[in-house]
Amino acid sequence: MGDRGGAGGTRRRRTGSRPSSHGGGGPAAAEEEVRDAAAGPDMGAAGDAPAPAPSKDADDGVASGHWELRCHRLQDSLFSSDSGFNNYRGILNWCVVMLILSNARLFLENLIKYGILVDPIQVVSLFLKDPYSWPAPCLVIAANVFAVAAFQVEKRLAVGALTEQAGLLLHVANLATILCFPAAVVLLVESITPVGSLLALMVHTILFLKLFSYRDVNLWCRRARAKAASAGKRASSAAAPHTVSYPDNLTYRDLYYFLFAPTLCYELNFPRSPRIRKRFLLRRILEMLFFTQLQVGLIQQWMVPTIQNSMKPFKDMDYSRIIERLLKLAVPNHLIWLIFFYWLFHSCLNAVAELMQFGDREFYRDWWNSESVTYFWQNWNIPVHKWCIRHFYKPMLRRGSSRWMARIGVFLASAFFHEYLVSVPLRMFRLWAFTGMMAQIPLAWFVGRFFQGNYGNAAVWLTLIIGQPIAVLMYVHDYYVLNYEAPVAGA
């Protein structure tokens, strides 16, 4: 390259001294000739040498207006992978514009076809069937009983009033009741609604996970204290003056801080932020209010009509229409899911963390870059992932289980809670959620085996976009048949 560049520069100087046979050259040719003449020495062996000023011969060449004899060089097209070009910002903007226009058309089509269906007052009926009966809020308040019971057991274990075996038995009974009691109320009390049931069961599920962690951490502290006592050591309190040590953590203040903190894993000393940022908190609260209204509006205006129109194809088993309705439902469902993710994991959890000065704000990672199903499940819900690793996966490994069996165990637990939170509020057990979660195991193997890089990322997005509407249609269809067609047939 250096020899060729130098030769080109020499040839231009030689031709520049000849009289022109073509008359005056255009300004573009003259500018190209000056640029190449100046760039010639930079392409030599001393590539870092500064470009010299144009020589007198080059100036003469510009004045005489010679055409450049060479205008091509070795290079790849921009879309070729070898070109090294990666600035596709304009194409990304084009995709965003096309997405906005496409959804605007769908929005106008929906308004023309159905009119305005958004009714904020109707949302109240989703939580309360009878204005004089509030079973869901009562269940949430009753959850305090289980938290106090776990606290009292730990207090007695700390002073030796209970043996570890008796404490374990009481904790198991308490944790089992946390899951069974609200489920029994939901199945037996007619005045509770599916949405109210879902919220109550979610509160009890979160309480179950938190108290499970609370019990484990206090047990580890007792074992560490007993080990230190048997070795003749005494815990040093001067090392960290502002930290809490066991059993000083066993207070109601500490317990309820943990219960309201945006985490499922208990610690004696949580990282704390120095102050409450009022502007940050205000932005998060405004986001919570805005996205709540947006989700309700999209569900009422977009999803509900699509689901209602999907019942007849399911009843007639018209597979082509079922696929068409599935794809039509995929867009609003996925959009609402993305909004829900931002609303919950960024707006809500950050607002709670800011109020409580909770320092660990890693509620999610870059799951949108997932190139495998496993990476997605490890990064989209960090509080649950940390709990599974700390209190389920690693304990199974310590007990001698293989990594493969531990992973299956984690997915089994996740599948159980997914089915618990769907089937019990709907009062029907179809195991679609359980099957969908367990199907993630072979799906993770398949995607990891046959798809890599961008293809793996596309496969993950495809499962998210298509998989969820399938489960939604399955449950809605069965719920519709069970609650609307069956009573009519019986009548």
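The backbone N, Cα and C atoms fix where each Cβ goes, and this holds for glycine too.
Record features, source Swiss-Prot:
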- TRP377, GLN378, ASN379, TRP380, ASN381, ILE382, PRO383, VAL384, HIS385, TYR393, ARG407, TYR480: acyl-CoA binding site (BINDING)
- SER20: phosphoserine (MOD_RES)
- SER21: phosphoserine (MOD_RES)
- 1-60: region 'Disordered' (REGION)
- 1-94: region 'Involved in homomerization' (REGION)
- 122-133: region 'Extracellular loop 1 (EL1)' (REGION)
- 134-491: region 'MBOAT fold' (REGION)
- 227-279: region 'Intracellular loop 1 (IL1)' (REGION)
- 357-402: region 'Intracellular loop 2 (IL2)' (REGION)
- 383-397: region 'Amphipathic helix (AH)' (REGION)
- 363-369: motif 'FYXDWWN motif' (MOTIF)
- 1-86: topological domain 'Cytoplasmic' (TOPO_DOM)
- 122-133: topological domain 'Lumenal' (TOPO_DOM)
- 160-164: topological domain 'Cytoplasmic' (TOPO_DOM)
- 188-194: topological domain 'Lumenal' (TOPO_DOM)
- 227-276: topological domain 'Cytoplasmic' (TOPO_DOM)
- 312-318: topological domain 'Lumenal' (TOPO_DOM)
- 357-402: topological domain 'Cytoplasmic' (TOPO_DOM)
- 424-431: topological domain 'Lumenal' (TOPO_DOM)
- 485-491: topological domain 'Lumenal' (TOPO_DOM)
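Taking the features listed in Swiss-Prot, we show where each one sits on the structure.
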residue	record	Cβ contacts under 8 Å, 6 or more apart
TRP377	acyl-CoA binding site	HIS385, GLN440, ALA444
ASN379	acyl-CoA binding site	TYR364, ARG365, ASP366, TRP367, SER370, HIS385
ASN381	acyl-CoA binding site	PHE345, TYR364
PRO383	acyl-CoA binding site	PRO262, THR263, LEU264, CYS265, LEU349, PHE363
ARG407	acyl-CoA binding site	TYR393, ILE441
### Query
What else in the chain is close to the region 'Extracellular loop 1 (EL1)' (122-133), if you only count residues 6 or more beyond its ends and a Cβ gap under 8 Å?
189, 191-196, 199, 296, 300
### Summary
Per DSSP (three-state), ASN381 (acyl-CoA binding site) is coil
### Summary
Counted with DSSP (H/G/I as helix, E/B as strand, rest coil), the topological domain 'Cytoplasmic' (160-164) has 1 helix, 0 strand, 4 coil
### Summary
Among TRP377, GLN378, ASN379, TRP380, ASN381, ILE382, PRO383, VAL384, HIS385, TYR393, ARG407, TYR480, the record's acyl-CoA-binding residues, the widest C-alpha separation in angstrom comes to 38
### Query
Residue counts in helix (H, G, I), strand (E, B) and coil for the topological domain 'Lumenal' (312-318), per DSSP?
5 helix, 0 strand, 2 coil
### Summary
When pLDDT is averaged across the motif 'FYXDWWN motif' (363-369), the result is 94
### Task
Could you check what DSSP calls ARG407 (acyl-CoA binding site) once collapsed to helix, strand or coil?
helix
### Query
Where DSSP helix means H, G or I and strand means E or B, what are the helix, strand and coil counts for the motif 'FYXDWWN motif' (363-369)?
3 helix, 0 strand, 4 coil
